[in-house]
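Step one of this worksheet: look at the structure below.
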Ligand code: SF4
Ligand code: SF4
């Protein structure tokens, strides 16, 4: 059983690594695509639609436009599909999107592991400050939800989706990363340092996307469940939880912070005491995540809801104007 669980958890790492490789491939392909457009090359690579995963605000506006007008975002459809996938996974399988798929989550985990190697451990933030900081991601989420779902009409949202600003949002993001300002460098540098020192710093305190997925995940029928009878109260589960959840004191973990990483299950020395309760059984979790993800992406591709309607010719016209295009 223990070997089976070890195997299962390493399946998460395999999936994280695969997604990370796909993200690197998408990044490189997008840079080449933009360079080819800028240089007016005769042969131009296909724009990787997956780059839209990094436009979560655009996807939220796209969601509002879709709900209110019925029109599915034609400019960044893949971004909206990935948002819908993350929301669905959270409703069904807790925040597994964060711990199994999200490349920022993977990076965050890697930085925390680096911290453990360098300092022998990750540091902990005092409880009172931890509570305060955890509310930051909900405040950011509240601001976006308020601005998009209450401050914009459906027509405003649809107009934003079709706007030149949204059209070049992916290029602006690339330029931002390629020409980081000193403020951008300091902010990213601080997040990296804090992520090395404090496990899961970005996801736990700052990511509004994680906040949204966490709130939805409370409704998930799947929860980490502890068998009080067989628990030997060793506390290893709590010690290993990257989200500081007191697993050894809960019967069922309903916290929105639980990302379904299964670290606690892997650490538990007592057979069948901690389970990610589902009728499918543990090994099915990885399969479920893969099947649901593929289902979303393949259906979007088949039904024409994956590739942008912005043509190469349009990119050629708009690229020289990117710096002049504002909100
Ligand atoms: S409770 Fe278990 S599955 Fe949830 S975040 Fe903590 S270690 Fe991961
Ligand atoms: S690791 Fe397992 S046995 Fe130990 S406290 Fe947690 S649930 Fe109980």
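Numbering starts at 1 and runs along the chain as it is shown here.
Any Cβ shown, glycine's included, is placed from N, Cα and C.
Over in TrEMBL, the protein carries these features:
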TRANSMEM  14-37  transmembrane segment
TRANSMEM  75-93  transmembrane segment
TRANSMEM  138-160  transmembrane segment
TRANSMEM  180-198  transmembrane segment
DOMAIN    222-252  domain '4Fe-4S ferredoxin-type'
DOMAIN    253-279  domain '4Fe-4S ferredoxin-type'
TRANSMEM  280-298  transmembrane segment
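Long-range contacts of the domain '4Fe-4S ferredoxin-type' (253-279) within the same chain, counting only residues at least 6 positions beyond its ends with a Cβ under 8 Å from a Cβ of the stretch, are 1-2, 5-6, 8-9, 12, 93-96, 98-100, 105, 134, 203-204, 211, 214-215, 217-218, 221-227, 230-232, 234, 236-245, 247, 285. The list of residues near the transmembrane segment (138-160) in space but at least 6 beyond its ends in sequence, with Cβ under 8 angstroms from a Cβ of it, reads 57, 60-62, 64-65, 67-69, 71, 166, 206, 208, 211-212.
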